[in-house]
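Marked as NADP(+) binding site by TrEMBL: A:V9, A:G10, A:L11, A:G12, A:T13, A:V14, A:G15, A:T16. The NADPH binding site annotation in TrEMBL covers A:K105. Per TrEMBL, L-homoserine binding site is recorded for A:E190. Taken from TrEMBL, the feature active site, proton donor covers A:K205. The annotation domain 'ACT' is assigned in TrEMBL to A:353-435.
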Protein chains: 2
Amino acid sequence: MEKTNVAIVGLGTVGTGVARLLLDHGDRTARHAGRTMWLKRAVVRDLAKPRDVDLPAGVVTESLDDVINDPEITVVAQLIGGLEPARTIMLQLMAAGKDIVTANKALLAEHGPELFTKARELGRSIAFEASVAGGIPIIANISQCLSANQILSMEGILNGTSNFIVTQMDEKGASYDDVVRKAQELGYAEADPTMDVDGTDAAQKLAILAHLAFGATVDWSQIPRTGIDRLDPTDLQYARELGYRIKLLAVAHLADDGLELSVAPTLVRIGTPIAEVRDAFNAIRVIGDAVGPVFYHGLGAGQMPTASAVVADLIDTAVGRTKLTFQTLEYFSIDQPPRVLLRDANTLMARYYFRLHVANHPGTLAAIAAVLERHNISIASVIQHENGGGSPHLDPVPLVIMTHSTTEGASRAATEEIASLPSVTGGVVALRVKD
Amino acid sequence: MEKTNVAIVGLGTVGTGVARLLLDHGDRTARHAGRTMWLKRAVVRDLAKPRDVDLPAGVVTESLDDVINDPEITVVAQLIGGLEPARTIMLQLMAAGKDIVTANKALLAEHGPELFTKARELGRSIAFEASVAGGIPIIANISQCLSANQILSMEGILNGTSNFIVTQMDEKGASYDDVVRKAQELGYAEADPTMDVDGTDAAQKLAILAHLAFGATVDWSQIPRTGIDRLDPTDLQYARELGYRIKLLAVAHLADDGLELSVAPTLVRIGTPIAEVRDAFNAIRVIGDAVGPVFYHGLGAGQMPTASAVVADLIDTAVGRTKLTFQTLEYFSIDQPPRVLLRDANTLMARYYFRLHVANHPGTLAAIAAVLERHNISIASVIQHENGGGSPHLDPVPLVIMTHSTTEGASRAATEEIASLPSVTGGVVALRVKD
């Protein structure tokens, strides 16, 4: 049986999972690959560090040169996070003739065009299934399985940490800070979870998917994004009262005048599949013009789901499928003009949920309604509960308004104006609604 | 740009959809394939028949020889249903050097080993994504995307016609016969829907999936199967009262002592994703030992979803990916011993739902409970409503029993014995329950 020599660079959580799959399940991997996938080297920073996998003698090394200078090693799982030295190492490995498998979405979102152009120049390939939605093979599904379609839209929950936090806040009524602490204890959240909870991670993944599905060349930092880090449990309660849950939704919609991309906490109707995605799961709903809607649901991260995606890519690369796809699709080419442009965020249509605190006296609602009318926003429903205790005419009461469809620009202008009304205290919470 | 010449054999519903995608969307198909996919010929039985697609002059022909004798045509979408002449035509096309794309699951389930062995001998490939679950790319997902895993189980709704009928019966309270008629009017059911409603179609699809996921060589007719053709609306109502819906569930579970395969109407808990699959949709939940659970949901049939799968296969075949997969995985090899054996159906564990009619007098429930106890089946819950009108001691009343987990053998023996009790009239309905 043929043998492909593989190396892993970076033996963290995912790297350890990849090593385990290759070492513990060599027979079935060989059966699925039609060849032996042989782990020849694993490059680590510190040989002395204890590990959760038994590596045969001579496999672990601190020297990247042991991989670079070994012509027998043809495929490398490059599993170092962050931008540097990950970028430099990837360039070195490709220059040495290695095909790359990576899970590093930040690196691709930031340096994709440079790395992919270099790969093509060198006749190498980069596989990156593990970079988006770990256990859901969305890269292969969009690039290959749905290749007969024009993708019309993608909506998804792409950040498992945020979804875990929101689910726990919603179901347990816990505070944001308490849930973040719990997520860190469980290993769902990093010590510094900023990139997960502020929408950065989801925006980077969305930028990659938008490139594959629409040929869009998107700087992820240009995607309008709001995280869940300022989500108030009150809004989860009102949403439920209205028949919705709040999810950090990444959205890509193709319209005649361009592509809409956004990441934002969004009200999604209870009972729809996307609303029922709980804890650290991810889900993506893709609509293609031929296939119609296809819904995917699976674990978004974690050691073995991500390792599963990496090993599938290692097999695809060893077999030769990756190279064919890579040559065909011209991913992240610097030379190619973008096929679609981003729409002006102000023109995007959506329904909105507004929550604000108002003085409880006559004329308040009329003043707010007048602002909305001036911006051509029509009201679908209002919730104002009776003030439990307190002085009815002094304490501000919460007011929730659901609008009919309007533009983001109108919503933003109206909420700014409403926030400046004398009868309104504090700001206005504005969340999009997805029906 | 390179060009691949393609032919379609059989211009029925799916063939017409494939022709439309190739003709109307040539640019994007070329972009996704890295080459022009050129529809050179479409073979039909009757040139005079009116069609829903405008074919350029010279494309349509009644002669298969126009494809067989044209060496420029390298890939053929063979879209004739049934076993013959589909089998002979496929063999002829492969002998003439064509790679095949097909949607014919009956042909693969019946003659897969012969056709695939022949293809390998001739250096040809057969792609068959469209044969199972139209819009869900489950073949590629199991064969490639999840290749790092040992698949542990698959549970799915694989027959859209049955699911449409059951959904309509459940939601509208309509009778089986009325819904079948409606399904035929809507084009969801054939004039003779037997293969769909009696479980044959789902069993053939399950046999194909079981081969891919477990290396099982299964004669589909050996899969224990019950259809929805004898489903009583009463059971849908009782199921709902108990918190369940009834779905025609295809199941494959890998256990230490072999593989469990079955197709049967099954109670699935309301609120679980599989229970919420409505109308003509399909869904499959796959569990892999590394990736965990992955859930897929999409249209199970229909012109464009199926055409989407066929065109994706045409692209994969033209690009060369199909051949690599085909060489690697040794699908349906006559020479290979099966990797797993089917479990004896009598040893399969499940909870059961029993419904029967009993004489409404003392001792009846005790007699039934005694039979169950003798077969070691313990009762989880019982529903016996008050007899509305009628004579309380003469008219038989319906009795529903939910059991705890037991074997299929015990369930079968017990229900036979219960049916023969003097206080029980008619047979016993026994349905599996999936929690």
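Cβ atoms here come from the backbone N, Cα and C positions, even for glycine.
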If you run through the domain 'ACT' (A:353-435) with DSSP, how many residues end up as helix, strand and coil?
23 helix, 31 strand, 29 coil
Taking the centroid of the Cβ atoms of A:V9, A:G10, A:L11, A:G12, A:T13, A:V14, A:G15, A:T16 (NADP(+) site), which other same-chain residues have Cβ within 8 Å of it?
A:I8, A:G17, A:V18, A:A19, A:L79
So of all those recorded positions, A:K105, A:E190, A:K205, which one's Cα sits nearest to A:T13 (NADP(+) binding site)?
A:E190
How many Å lie between the Cα of A:V9 (NADP(+) binding site) and the Cα of A:E190 (L-homoserine binding site)?
21
Using DSSP with the three-state reduction, classify A:V9 (NADP(+) binding site) as helix, strand or coil.
strand
Mind giving me a neighbour count for A:V9 (NADP(+) binding site)? Other Cβ atoms within 10 Å of its Cβ, every protein chain shown.
25
Euclidean distance between Cα atoms of the residue listed as 'NADPH binding site' and A:V14 (NADP(+) binding site), Å:
14
Do you know offhand how many angstrom separate A:L11 (NADP(+) binding site) and A:K205 (active site, proton donor) by C-alpha?
23
Which of the recorded positions A:K105, A:E190, A:K205 has its Cα closest in space to the Cα of A:G12 (NADP(+) binding site)?
A:E190
Give the residue from the recorded positions A:K105, A:K205 that has the most other Cβ atoms within 10 Å of its Cβ, counting over every protein chain displayed.
A:K205
Let me check the 10 A CB neighbour count of A:E190 (L-homoserine binding site). How many other CB atoms are there?
13
List only the single closest residue to A:K105 (NADPH binding site), chosen from the recorded positions A:G10, A:G15, A:E190, A:K205 by CA-CA distance.
A:K205
Distance check, please: Cα of the residue listed as 'L-homoserine binding site' against Cα of A:G15 (NADP(+) binding site), rounded to an integer number of angstrom.
17
Quick one: Cα separation, A:T16 (NADP(+) binding site) versus the residue listed as 'active site, proton donor', in Å?
23
Check A:E190 (L-homoserine binding site) against DSSP and tell me helix, strand or coil, would you?
coil
